[in-house]
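I have placed the structure first, in the form of structure tokens, so that the comments after it can refer back to it.
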Amino acid sequence: MENFHHRPFKGGFGVGRVPTSLYYSLSDFSLSAISIFPTHYDQPYLNEAPSWYKYSLESGLVCLYLYLIYRWITRSFTVKQTVGSEFSGLRKAHGILLWLLSILFLGMTAFMFVNDAFPTAFSDPPVKICLLAYSVHLFLLHSLRMIYPRARPTLYHAAVLLNLLLLPPIFHFYSYPFFFVDHPPLSSYSPFLWFYFFITIVGNFIPLFTPRVWYPLFPEDNYQPSAEQVCSMFNFACSYGYLNPLVLTAKRRVVEVDDTPVIPDYDKNKAWTYRFERMKTPSLFITIHKIFWRQILGMGVSSFMVSVCQFLSPIALNRLLKHLESPSSSSVNPLVWIVLLLTGPFLTSLFTQFYLFMSTRYLARSYTTLVQQIYNKVIRSRFVQNKSGDSKVGRSNNLISTDVDDIGEIREFIHIIVRAPVEIAGSIYLLQKLLGWSAYVGLALTVLTCSVPIVLGPLVAKLTLRANRATDSRIELMSELLQSIRITKFFGWELPMLDRVKQRRQVELNRTWKLLLMEICIQVLVESLPVFSMFATFVVFTTIMGQTITPSIAFTSISLFSFIRTQFSWIAYLMRQIVQIFVSIGRVSDFLNDPDEVDPVNTIEDTSQEIGFFNASLTWVSNPSPGDFCLRDLNIVFPRNKLSIVIGPTGSGKSSLISALLGELSLNKGSYNLPRSKGVSYVSQVPWLRNATIRDNILFDYPYIEERYKKVIQACGLLTDLQSFVASDLTEIGEKGVTLSGGQKQRIALARAVYSPTSIVLMDDVFSALDIHTSNWIYKHCFQSSLMENRTVILVTHNVHLFMDSAAFIVTVKNGSAFPVTDKSSPLLFLAEQAASASEAAAPDLAAIPIPNEVDDAEAADEKDGKLVEEEQRVTGDVVFSEIFSYMKHFGSGFYVAAVLLFFVTTQATSILIDLWVAFWTNSSVNSPDVNNNKFLFVYGTMLLAYSLLDFLRTVSYDRGAWWASRKLHDSMLESVFGTFASWFDKTPTGRIVNRFAKDIRSIDMNLSGWLFFSINCFLSVAGGILSVSSAMPIFMIPAVIVCLAGYYFGLLYTRAQVGVKRLISIYTSPIFSLLGESIVGVSVIRAFNRQTIFKQMFSERLDNLVRLQSTSYNLNRWVAVRTDGISGLVGAIAGLIALLQKDLSPGVVGFSLNQAVIFSSSVLLFVRSCNSLQAEMNSYERVLEYSKLPQEPAPTIAGQVPATWPKEGDIVFNHVSVSYSAAGPTILKDVNLHINPSEKVAVVGRTGSGKSTLGLTLLRFTHRISGEIYINGRETQSVNLNALRQRISFIPQDPILFSGTVRSNLDPFDELEDNFLNEALKTSGASSMIMAHTDDQKPIHITLDTHVASEGSNFSQGQKQVLALARAIVRRSKIIILDECTASVDDAMDQKIQKTLREAFGDATMLCIAHRLKTIVDYDKVMVLDKGVLVEYGPPAVLYHNNGHFRRMCDGSGITFLPPETRGSKSA
């Protein structure tokens, strides 16, 4: 027989002779290495092989020795300790089995050595000795592992390595000859050798199924291993079998968090945060690559292998079609190509899954690292009064919800670097082998294609940046409006605010559509040009070169051109992604590198250090402008362990002084000092409370000491309040303490500062929201108690009289300057005291009241339901097609949706017809050499042009419909949220709502429509593949149905698990945003208490919970992929086998069928994956729909309209009114009867919880009316449209809210009034006389209409905000005014001025004032006294005083007296 080594290899990919020395050469990419395969077992090549085997075995032994020496030097035998798991028994059993196999292998090798029974390839003595040495080493390693426990892992790894080195030569020896038609019979191998081969294979596969040993990364955490860490390598890297329990659980019931595998310790947040801090560089891009280089390297290697394996299928297709065209000329067994059609997709899938596994691991790790760094930056940053930081709440939310996800997509950068060049270059090389120089024609057009996204890249970057800015703007506005939703509802501003959000949403959508159109044009162009490149190549090949196009050439070329088209499509997509990635990296990097941070605190103990300022000047911003407020030339030293008070007029800088001492201001010159070694506690002017229980807010993560806790509760006057709560101190208070009154919030914040074991306590006007009784109680039982002994207390207050005797040091602040008052007889103090509230209050001795059981015993309170915030609802069950059609209905009319679907069908049908036409053309070329190629080329080109046009129309019509759907869904949810009851916001954290408008809307905008598009395409590809192949090979329907059923089964299991996990991800994302927003608002308090580490840990734990679910979600994708890939990979092989056995099929039909079979097999997995991703993204659609169907406040009706002049006068009547906050809630106001005459000034007084605020809310219809009627100007309020009612009543809350913008936009947010009127309102309220800052020459800068307002008015003092709220009420010119202690935070001089303004500006208006300071309402027309929801007294204050009732006792406690009225009597209720 002819020597096969010098036999020409004839085919599409190899030309010439191949030397025998070339063995598996990667340089011959076209598998010409097959030419070295011998046709018989006894070919000379096998006799030349022993040296190759010998060197391999000897090299393996050397590597093994080096490995063992390295492990010994690194003390692996003595330091490492393994941790047991539930698989320990299985691990031991596998170890014993491997030991037995090593004995058997040694015995068989020794037997062959003695009896000279080695095969020819192993008969050389050196090789025999090496193999025997290997057997001895294997036996020794397994034996040592049985008796030497500390070294077991190292020895085990060495044995596995040794086993693995044996497999290639032995496997090659047995499989080598069967690659050829004339292979030797199986009987030529003895059973002994087959058994030898078998135990070699088993010895290598057992380690794959052996559970692994776990080494804890953080032994101190007492952390249990994740299933991912102890399962076998096969379950970990191949089958993902450790997720089987989760998948089976999801089949039976709804998935819970505890059903998912715990997060591995190497993926915990603290591990990656530590690495980031250690490897941090100024460039975030470089830092990311330094930290995650292993994942990036793994992605690069696996991506390269995917590219290489991709070519196995087209090579096999070419050779199989070549065999069918000329069976006699083929020497290679055609079953080899069938096997290659199976192994090609299998290997591609294996490396693809490994690539995806590494990339999703990078995704999860980069997410947890960057999000934690953003939060850490938030904790360090200055937010208050920073103009550049107005939007930091929304900006931080957007960085986490958008930019961090975009940075995670940097993994796709590997695609352009590795995979695209390899596949494009490989395809061009193989096309050149197939089509000669005509392939370079296509290459030229391909280069042109490549330039399109590069040229348009800057434009895409610009459009992307503009769209992102629009998204930021919308999210920032939404965050601000949701933070102040109650003031919006108080004023009836829902509809105008809706319009503002919708305008920003429209800008965002317009910019997004421009970007989308650009992407569509690039995508269609990039996908179409490779197709026309293929057309041009065929034209040159057939007409100019005069070659005949055969099925093996045509369909292989189509596959290769599809590779090029796919890669350039990816390039077009990734060019936009890369632009977005670098934009996001820049945004996150700018945020993290922002130098505006507070100074690190000094915790060094130094008792000699003084507390105060030393020639210090400070501002809120790092680079102040002339108009910015400044504390100037401060020289103040506060005495240690004494009480100091800070006084001054409203807006003078008192709160800034305290913030400066805490390090919240930027130091421009001088120095300041606040020792932190023994801790600092701080009570802000606006109390900051966490969304937690009362007890958690007071403890603030300090240990619970029962005795001290009881004393603090008693000292802060909280006993009565706790008795009124259902679960006492275990009652949840909601976001920002929304369920509490202003006084209750202030006292809880005070209790937190008093309970903490700190030596320094800073308090900012803690008495502003307290009534006289409570103020005096706290002064007596808190400030003068043992709780405050040996503590340095610095208190900002207007109650000078209360602390005059006990204060050791007094500081006066005026216009940013401060100086001490050394003489208590100073005229300044005299004036302050005269202006202060009248006198101390004699309160009942609450000390005699025992602390109730709820405070004594936490267990008793646990039995009661103190929960306020409802858990986020989860939609359960599978997402059905009705929901998908429900989403598509938002595209437009039914006709429009039908037209879009028709474009999908016709585009897919055209694609199939193109391949069918190629089959018809190539068959004609084979049967008739003189075929008219021009006719076929013309039809072929026309079809390609039609396909490109249909593709464009399909994409544009679909994306436009999705754009409309996004707009409608956003607006529907927006209107629903703004139209729901105010009580819903008490139960729903703002972060949860923001998450719906940020992450879920983004999902609908970007992901949902894309996955639906992809799912429809995949479905049509599957259906088209089945119909196409079955039409030529009907028997193919059987395996196709089996594959579809198997795909459906695995897809069903997978989808139920994945959708459940995705829904959990959505739920566990909201707490991250909630804690972020909560921390930004209270960051100064967190820093003052030095609780940054605790809050970082809380955030880290929430991140770990989220990453646990995200990793499970990613790995579930791998779970289904390996199963569906394994099944669908059989399809191509089965189709090839059918074609081989079915002799009557022409090569063209076979090529068409195999091409469609490959498309079908790949589309099955893609369809399962896309359906899952679609269902997961539909979760966002469900969540948006959920918030679009919230219970709504009554909608406006024609009957509810009122004249523009209504009410002409403020006549108010309550007729037997009883209300509650919900239909099932307790009655708050009980049978209230009263009549308020027009223009009367009525004060509402009573103890905390008596129902004062509820009365005002009832007038605005914020409560549930149980019975009775309320009339305003003779009209029942229930019959008036809600927005009209609230717009005609002005409400001035205790905690005023300002919106970002200017003073003008806050007074007149809808530009309806002239500046003259607005300036008059500023002047009347006194706001225009307030000083914001000073210029460099000390000239004051007053508040004007153009004064900048930061988010929530953070650049104004609390008193200034209350005055601006008064100005806003003046602008509204309402006939009814409700004031809820609106002067609590102003000094008494300003209070008196405001009271005068109220009487003058609202002389003809009816005023309802909820008051704590009795002196401010002594000249009111009437007073109503509420007690536990009952109106107990109502009448003129002098009359009530002399009735000796509730009001008299309150006046006596305040030192207020009234002269006897000339006429007694009152209009009783």
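Along the chain as shown, residues are numbered 1 onward.
Cβ coordinates come from backbone N, Cα and C, glycine included.
From a predicted model like this one, the values you see are computed outputs, not experimental measurements.
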Looking at 749-769, 791-811, 1148-1168, which one does Swiss-Prot call transmembrane segment?
1148-1168
Distal contacts, the transmembrane segment (441-461) - CB-CB under 8 A, six or more residues away:
424, 428, 431, 515, 518-519, 522, 525-526, 529-530, 532-534, 536-537, 540, 561, 564, 568, 571-572, 575-576, 579, 583
Residue with minimal Cβ packing [other Cβ atoms within 10 Å] among the recorded positions Asn615, Thr650, Ser652, Asn1007:
Asn615
Which has the fewest other CB atoms in a 10 Å radius around its CB: Asn510, Ser655, Asn691, Asn815, Ser1250, the listed recorded positions?
Asn510
Taking 296-580, 897-1176, 1214-1453 as candidates, which has the most Cβ pairs under 8 Å with the domain 'ABC transporter 1' (611-840)?
1214-1453
Can you work out which residues elsewhere in the same chain, 6+ from the ends of the transmembrane segment (412-432), have a Cβ less than 8 Å from its Cβ atoms?
13, 29-30, 296, 299-300, 303-304, 306-308, 310-311, 314-315, 359, 439-440, 442-443, 446, 537, 556-557, 560-561, 563-564, 566-568, 570-571, 574, 577-578, 581
Determine, from DSSP, whether Asn1007 (N-linked glycosylation site) sits in helix, strand or coil.
helix
Would you please pick out, from the recorded positions Ser1253, Asn1355, the one with the fewest other Cβ atoms within 10 Å of its Cβ?
Ser1253
Using a Cβ cut-off of under 8 Å, list the residues of the same chain at least 6 residues beyond the transmembrane segment (524-544) that approach it.
431, 435-436, 438-439, 441-443, 445-446, 448-449, 452-453, 554, 557-558, 561, 564-565, 568-569, 571-572, 933-934, 937, 940-941, 944, 947-948, 951-952, 955
Looking only at Asn790, Asn923, which of these glycosylation sites has the biggest number of Cβ atoms within 10 Å around its Cβ?
Asn923
If you count the other Cβ atoms within 10 Å of each Cβ, which of the binding-site residues Gly648, Gly653, Gly1251 comes out on top?
Gly653
Cα-Cα distance linking Ser1253 (ATP 2 binding site) and Asn691 (N-linked glycosylation site), given in Å to the nearest integer:
22
